[in-house]
Amino acid sequence: MALHHGARLRSRAAPLLAVVVLAVLALVSLLRASHGGGRLVPPVASAAAARNRNHTAAQRKILLDPSFTPRLPRQGALSLSLARRNALPPRNAARFPSLPDGHLKIVLYVHNRPRYLRLVVDSLSRVDGIGEALLVVSHDGYFPEMDEIVKGIAFCQVKQIFAPYSPHLFPDSFPGVAPGDCRDKDRAAEKRCRGEPDQYGNHRSPRIVSLKHHWWWMMNTVWDGLEETRDFDGHILFIEEDHYIFPNAYRNVQLLVDLKPKKCPQCYAVNLAPSDVKAKGEGWESMVAEKMGNIGYAFNRTVWRKIHAKAKQFCDFDEYNWDITMWATVYPSFEAPVYSLRGPRRSAAHFGKCGLHQGQDSSSVCVDNGVGAVELDAIDKVPNIKADWPVHIIRKQPGYQAGFKGWGGWGDRRDRELCLSFAYMYHVKDTLSV
């Protein structure tokens, strides 16, 4: 009887055990599927992963106008060849095979001032830690001498990109000068020409509008178009061809990026220099939070998304300078003051006297080479920001503010539409060529 009873228990337990085993296996399979087939993740880690996914989703959220169809100029042979070069991998990867955690990506945007570019490249070659960085050089159009200088860079990974819709690449059509375009203060009705004037009655100048077009194309391409950077959520440092970079710049930026969340959580960015391009810094034993400057500025994808969401304001504002556009209309539209964190001494300097497009016209060549414009002290060659310093906030500063109406140069409807198309080109499949 006991044997019979034990056998009945075993016969009943076997199906129950099988059900339990199947349930456990199903639960394991479900957990693995939810975590990408990897090892089981504890509940705390799972919650953290969910928060990270939500944070990443917020960083990558795109706000687009469904009624707008992006239109890009029909490309010629040179424009297409440059677009193909944009897809090439970085050079010097064999010499610098891995980029360490916490490395910076640096974007150097250039126009056509080879004398300046040589000086900037030389300054970058002396920067401590530069071998850890990916240097992206963004060209406004194509100029052979500028291209050759960048090809000679050997001190880090370097990738070149060329704005394929630069007005400099379209000599006989928009965004260059197209037949039938109005010029200067032409009256369209009288001249029967095409184009809308700016608020001061001036028609578009391709050499002028290229400043804003290049910066906006570059930003959209770096953050959303390049394989090397489109999945990067950290800070990207932006410099220009007339920014002399000090030896301590790279390490100082890393320090500021690490300190910003604790020392200045309201700061949007970090800067290598004061917003006043002529200032050398205060020399205090404190960090400084002030409005974002245009020399050596770095921000992350969260800030880029906030900027990208204001694409229409950026593209509609009648101002040909990208930085004044940001100060006068984009930053004021954010919920709070836009502060940038920097050290009390500059780690980059603006130099030279030639404007962005001087030197491109043979009748008015600019020969300033910038040599001797920057003097370095010993303290400029080593990291000089301390983690225990307080932060001094400069709340009111002179300069361009909300309400400034702009210097003009940006009244033509075609420039505004091309600008907005750059904001959409990596997010909309049915982009038109016109």
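Note that Cβ sites are derived from N, Cα and C of the backbone, with glycine treated the same way.
Listed features, source TrEMBL:
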SIGNAL    1-33  signal peptide
BINDING   ASP140  substrate binding site
DISULFID  CYS182-CYS193  disulfide bond
BINDING   ASP242, HIS350  Mn(2+) binding site
DISULFID  CYS264-CYS267  disulfide bond
DISULFID  CYS315-CYS419  disulfide bond
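A simple way to gauge crowding: the CB of CYS419 (disulfide bond) has 23 other CB atoms within 10 angstroms, across all the protein chains here. Sequence-distant neighbours of CYS315 (disulfide bond) (same chain, 6+ apart, CB under 8 A from its CB) are TRP216, ARG416, CYS419, LEU420, ALA423. The closest partner of CYS264 (disulfide bond) among the recorded positions, by CA position, is HIS350; the full candidate set was ASP140, CYS182, HIS350. ASP242 (Mn(2+) binding site) has ASP140 as its nearest neighbour among the recorded positions ASP140, CYS182, CYS193, going by CA to CA distance.
A sphere of 10 angstroms centred on the C-beta of the residue listed as 'substrate binding site' encloses 26 other C-beta atoms.
Rounded to a whole number, the C-alpha distance linking ASP140 (substrate binding site) with CYS193 (disulfide bond) is 27 angstrom. Look at the Cβ of each of the disulfide-bonded residues CYS182, CYS193, CYS264, CYS267 and count the other Cβ atoms within 10 Å; the largest number goes with CYS267.
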